[in-house]
């Protein structure tokens, strides 16, 4: 899912490569209001996908839910990638190992988040997963050779502090499942760093195809070991997860055709509001005060990290 995809701040890693596929056509024109609206709607779709995954987690194995998501995504996007990416040659890659590693990173991100919402409230899982930009910063040093200044390191530490406030390890409210959104964020960050490493060498559609196929193949191998025959309603929800998350990724890319990243990126944090609202409406989960405090700290850290990244690129 280009070097630094527009939807990078999105915490839910719902087969992120869809965003890259949609970025092939269409010129850029400024319409910030429309861009902001598209971002807000996109993250609403992400939250709906998370809510459906959490609901299915009550009766289906997480591996099976992930397989449904990737199956639908592959069926929808693969033909489009081949149509716009030059036919069968879109599968050819100069860096197959990196493509597979990226696909595994994005798959891990999606699966760990599904594991997270099985046990955690949606708002808490989403808030913790927003730590991903700080992991991108940390991984960029050994893997990309980037230099990170003291201010960005402070932002990393502040973001981690926000995660600790939300998760509260050692407290009565702590749940071991809080590690899953952290692992989701770390996996997603690995995928983004690998994307940067391949930048300029691989076509967007090629990366999309390899990401989707890697996840689908791995989950297809694992599925027989952890599955249950779904009911018709469960199959419908599984289809909905794939369709809704793909629509959300497409809308996110469309949004960045109407406004700059610096303007639109902060509005991706509206997903935290959507997640909290759906968590309350569907699962009667009410975030406590510490969750709101930690979420605000994580958001501030992520926004500052994005700001420093833009300054670094302009330098």
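Yeah, the Cβs are placed from backbone N, Cα and C, and that goes for glycine too.
Per TrEMBL, region 'Disordered' is recorded for 1-25.
The feature compositional bias 'Low complexity' is assigned by TrEMBL to 15-25.
According to TrEMBL, the domain 'EamA' annotation covers 34-167 (among others).
What TrEMBL lists as transmembrane segment is 36-55 (among others). Long-range contacts of the transmembrane segment (36-55) within its own chain (CB-CB distance under 8 A, at least 6 residues past either end) are made by residues 7, 10, 12, 14, 65, 69, 113-114, 117-118, 122, 125-126, 237, 240-241, 244-245, 247-249, 251-252, 254-255, 258-259, 263-264, 267-268, 270-271, 274-275, 277-279, 282-283.
The transmembrane segment feature in TrEMBL is assigned to 67-85 (among others).
The transmembrane segment annotation in TrEMBL covers 97-116 (among others).
Within the chain, the transmembrane segment (122-141) has long-range Cβ neighbours (under 8 A, six or more residues past its boundaries) at 8-9, 11-13, 47, 50-51, 54, 113, 116, 147-148, 152-153, 155-156, 159-160, 162-163, 166-167, 178, 180-182, 184-186, 188-190, 192-193, 196, 269, 271-272, 275-276, 278-279, 283, 285, 287, 291, 294-295, 298-299, 301-302, 305-306. The transmembrane segment annotation in TrEMBL covers 122-141 (among others).
For the transmembrane segment (153-171), the residues of the chain that approach it from at least six positions outside its boundaries are 124, 127-128, 131, 133-134, 137-138, 178, 182, 290-291, 293-302, 304-305, 308, judged by C-beta separation under 8 angstroms. Residues annotated as transmembrane segment in TrEMBL: 153-171 (among others).
Residues or ranges marked as transmembrane segment in TrEMBL: 177-195 (among others).
The residues of the domain 'EamA' (177-301), classed with DSSP into helix (H, G, I), strand (E, B) and coil, number 104 helix, 0 strand, 21 coil. What TrEMBL records for 177-301 (among others) is domain 'EamA'.
Look at TrEMBL and you will find 207-225 (among others) tagged as transmembrane segment.
Per TrEMBL, transmembrane segment is recorded for 237-256 (among others).
The annotation transmembrane segment is assigned in TrEMBL to 263-283 (among others).
Residues of the same chain lying 6 or more positions beyond the ends of the transmembrane segment (289-306) and with a Cβ under 8 Å from any Cβ of it are 9, 121, 123-124, 127-128, 130-134, 136-137, 151-152, 155-156, 158-159, 161-168, 173, 261-262, 265-266, 269, 272. Taken from TrEMBL, the feature transmembrane segment applies to 289-306 (among others).
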Candidate ranges 67-85, 177-195, 237-256, 263-283 - greatest C-beta contact count to the transmembrane segment (97-116) (under 8 angstroms): 177-195
Non-local residues, at least 6 beyond the ends, that sit with Cβ under 8 Å of the transmembrane segment (177-195): 1-5, 8, 11, 13, 16, 98, 101-103, 105-113, 115-116, 118-120, 124-126, 128-133, 135-136, 138-140, 143-144, 163, 166-167, 169, 207
